[in-house]
Every structure is written in C-alpha cells, then in structure tokens.
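This report concerns only the one structure given below.
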Amino acid sequence: MSKFVFVTGGVVSSVGKGITVASLGNILKSRGLSVSVQKLDPYLNVDPGTMSPYQHGEVFVTQDGAETDLDLGSYERFIDIELTADSTVTSGQVYSEVINKERRGDYLGGTIQVVPHVTQEIKARIQRLADRSKADVVIVEVGGTVGDIEGQPFLEAIRQMRNDMGRDNVIYIHVTLLPYIQSTQELKTKPTQHSVNELRRIGIQPDIIVCRADYPISEGIRDKLSLFCDVERKAVIFMPTVSTIYEVPLKLESEGVGDLLVSRLHLNASPSDLSIWRGLVEKIKEPTPAVRIALVGKYVELKDAYYSVRESLCHAAIHNGRDIQIDWVYAEDIEKNGPEEYLKHVQGIIIPGGFGIRGIEGMITAVKYARENGIPYLGLCLGMQVMVIEFARHVLQSDKAHSTEFEPDSPYPVIDLLPEQRGVDSKGGTMRLGNYPCVIQPGTMAGQAYGNKLINERHRHRFEFNNDYRDTLSKAGMVFSGLSPDGKLVEICEVSGHPFMVGSQFHPEFLSRPNRPHPLFREFINAAKKVIRDGEQPSLPLSP
C-alpha cells in the first residue's frame, strides 16, 4: 500500500512548494523508494490548456497528452520519472465529474454537497494514482495558499485521508515564508503561526514545517515555531534561498527531511545516496564561461511561460561545461527595430512555441538573421514553423509563403492545419498532444544528436508542415530529418550547410533532465559555444 505525503503552502503563493515537492521525491528516490506525484489545482478550469501564458505560465504536457501545470515538469526533472494525466487534478475536473454523476443518477437522488461528494471525488483521484502507479510514496501538492476559498474542499479531502488510510500512512508538510523586516533586520514568524493555526482549524496538524527565507534563520526561530506550531523541533526545517534550484534536495536532506519521512511513514528504505546529484550541483557552481542565447518569444515578460525551455538550456550548458546567459527578446521589438540591436552579440537563437500572429514577422526576421549569419538556431514547434516560412520566403523567393494559422487564404501555405483538426471547433484538449514516434534520418544533424533511429517526443500543436511543398524545399536545401513512421508528417527539419539550424514540431524541452540533457538542446549549445562574437562572454549564474 502506498504512503502519502501532502504538501500545503502558507503566507504567500510562489513560495517554492513545487520545487520542495520535487526535491522530496528526489530524496525518497535516492533511498531506493518508488515515487509518484500529484498536483491538486483549485482553479475551475478543467486544465490550463486554454489559459493565457500570462495567467498561468507554461503548459506542461505529459506522455499521455495531459495539459498540466508547470510544476509537473519540475517533478519529472528532479525525480527523473514520467507522469500521466492521473498526476493532475483540478476543481474543474472534479466538479464536472460530480455533476455528470448526478445527471446519470449515480447518487440515487441524494442532495449533492461539497462534503461528502466533492471530497470523495478528490480522494478517489488521489487513490487512483496510488493504485495505478503502485508507488511506495505518493506526494500530493495542494496548489494555492491555505485560506483560499477555492482550496477548502481539497484541504478537507486530505484531512480525511489520514483517517481513511491510517495515521502511519499519511504525513502533512507545510511550506511557508518567513518575511524579513528591513527596518528591524529580523525574520518574522507570526505569519507562519497564523497559517498553521488556519490549517489546524480545518483539522490538519502539520508534521513538518519547511520555512523559506532569504536570510539566515536562527535556532531561536526554530524553537519558537516548534512551540507555537506544536511541531517537533527537528521537524522545523530551514530552506534558505540558494543559487540554483538543484541544490534544494541537498539542503533538505542536510536538514534531516529524508530521515523524518522514513521514520514517520515507517518506510523500508535504503541509506540515502545523493552523490550523483551532489556532483551535478558542484558542476553547476563551477565558474565557467557563459554561452549567450537569445530566446525570441511572444510572452517573454513572464519567463515562466518558457520554464522548461529555460531549464533545458541550463541542462545543456551544464553538459557542455558552460554557464548560460539568456537574452529575453520580445519578437515585436525585432519587428519594430530590426534584429541587429538584439541579436548581434548572441551565440545562438532559440524560438519556442506559441499561438497567434502577434510577433510572427519578428520571429521570421530572427530566423533569417540566424540563417544568413551562421548563428546556431533551434526552433521548437512554432519555432520550426517560422523557420520553414522564412526558408520558403527568402531562399525560394516565395514572399507569399505563410501558415494558414495566420493567413487562412495564403496562396503558399507551407504550414497547414493537421487533417484531423479540420472541423474541430472546441479548443480544450483537442490538439495533437503527448508522445508520438519519430524516425530519424541518418547522416543528419538530428541523427548525430540522437544516435537512435526511432525516438518518442511530446507534441502540442494543431498545425504541421504542408507536404505539398516537401520536394520543392528539399531541392532548395532543407532537410527533413525526422518523420512519422508512416512518412506523412514532418517532425524535424534542418538547413544543410549551416553550423546548426534545426526545427522540431515537437517539444523536446519536456524530456530534458539536469543529468541527461535533451540531445537537440545539447548539440545546440555545443554549436553555440563555438561561436565567438565580441569575445568570450562573462561568467553568469546558471539559474536565471
């Protein structure tokens, strides 16, 4: 039977629950335990697939095609596992299912209430993940902050889980912020005390409190929180701000979190072995020259919109013995001012995914700059599509080339709607989503990067390369180096004779790991580090 770790957050949002949960999974896995993770999101959207990147940040896609919170990407990267749709639960999903059951008559005419019907549905989804994953430990993060109205049913559900599963099988961890008052130069514990009191009113007594702070925490604060929050002194965990998020598992382990979890849950675990992870962190902290990459995007004001891309660049830089400097370039600025001002100093250009026509011409201009100046280029999803459009416009001199996403009546639609998408009006969960196989052509940049003939990558798109133009572009120097097994869909294209110019219709950033960078990102940074523009770049911190 699985054991359960429930993680809540207090005082403020964005306190670091997601990284804490990912780090707990890392620690438990280092002790030979199998781990699965789940995120409970209280918002009423069914999933974040139709949410604005400015509202939600990145949409992370699982292997089976679920559109999820970016925290699931952190879980996968830290624990090195692949999650499924069972790992994401939203209020929208829960309430939709409860209402559907009521309409079918499943409740036999009963009055439908938050307790017990909504809470039972939440608990059923938690238990479903445990049953299907058969993990030794299931870690469940409750999104939002204690006190949020929409989070109340989820907190009530996890409160009930301890009675349902037994006290030795459930543990509660509360992640909270200790704010620093500059005028008095002290950390304050009162917000944490109030947050814990709110949890206790609901019926949840935290077993462990993880205290986030930007300044050193004294032992006196540990004593105070232990007294007022009724938590053992050794279970008050200090988590200071660190230079790289990948150091968090080491900090938590040094605070004794792993031993606490094993003891409280009576786990049959091996001794902790974080030696490989420790070596990774040491490598990250080594001062090395930086490689400077321009990320040209639509949503660069909110960097979390490209969270997995950013982390994948960091992973590739680690592997190549470099730090990373990312220039966040707004595509519309290139449209207004031209590319030179933004791209003249960079050693590589990457264009990630996105939707809509805004900024497209700026992206096409950036691709042209990379192609003509021999600057390594990596295009992801939309980034591949604008690469094809640019090639058709400026190499084939077909200035009307476009995507039907942006110009439905284009006379030269090199990018077109997938056949199965025609007639689909609903936006939510209807794209080509999740893992699909791809056959790599030997003797290509992609072939050199992967070293395998058959790969599986994650997708999230409606539009695809138009095969009517495959022969024409191929004769002009575009190489179609990755195809679907039936040869009908172009998955990877590249420009022959260029140091590195590769576009993928899929999202390779979802499969990169800190100790195993994705092959396309690895080779992109390898090519970029060889480019010298205005001398070597200064060493910069790895985590942006």
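Positions of Cβ are set from backbone N, Cα and C atoms, glycine also.
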According to Swiss-Prot, TYR54, GLY354, LEU382, GLY383, MET384, GLN385, GLU405 bind L-glutamine; which one of ARG292, ARG458, ARG462, ARG470 is annotated to that same site?
ARG462
Going by the ATP site in Swiss-Prot, where SER14, VAL15, GLY16, LYS17, GLY18, ILE19 are listed, which of the candidates ASP69, ASP71, ASP80, ASP86 is also part of it?
ASP71
Sequence-distant neighbours of GLY18 (ATP binding site) in its chain (C-beta under 8 A, six or more apart):
LYS39, LEU70, ASP71, SER74, TYR75, GLU141
Same-chain residues at least 6 apart in sequence whose Cβ lies under 8 Å from LYS17 (ATP binding site)
VAL7, THR8, GLY9, ASP71, GLU141, GLY143, VAL175
Could you list the residues of the same chain, at least six apart in sequence, whose Cβ is under 8 A from the Cβ of VAL15 (ATP binding site)?
GLY9, VAL175, THR176, LEU177, ARG212
Taking only the Cα atoms, work out how far GLY16 (ATP binding site) lies from CYS381 (active site, nucleophile), in Å, as a whole number.
29
Which chain neighbours of the ATP site, leaving out SER14, VAL15, GLY16, LYS17, GLY18, ILE19, ASP71, have a Cβ atom within 8 Å of the mean position of the site's Cβ atoms?
GLY9, THR20, VAL21, VAL175
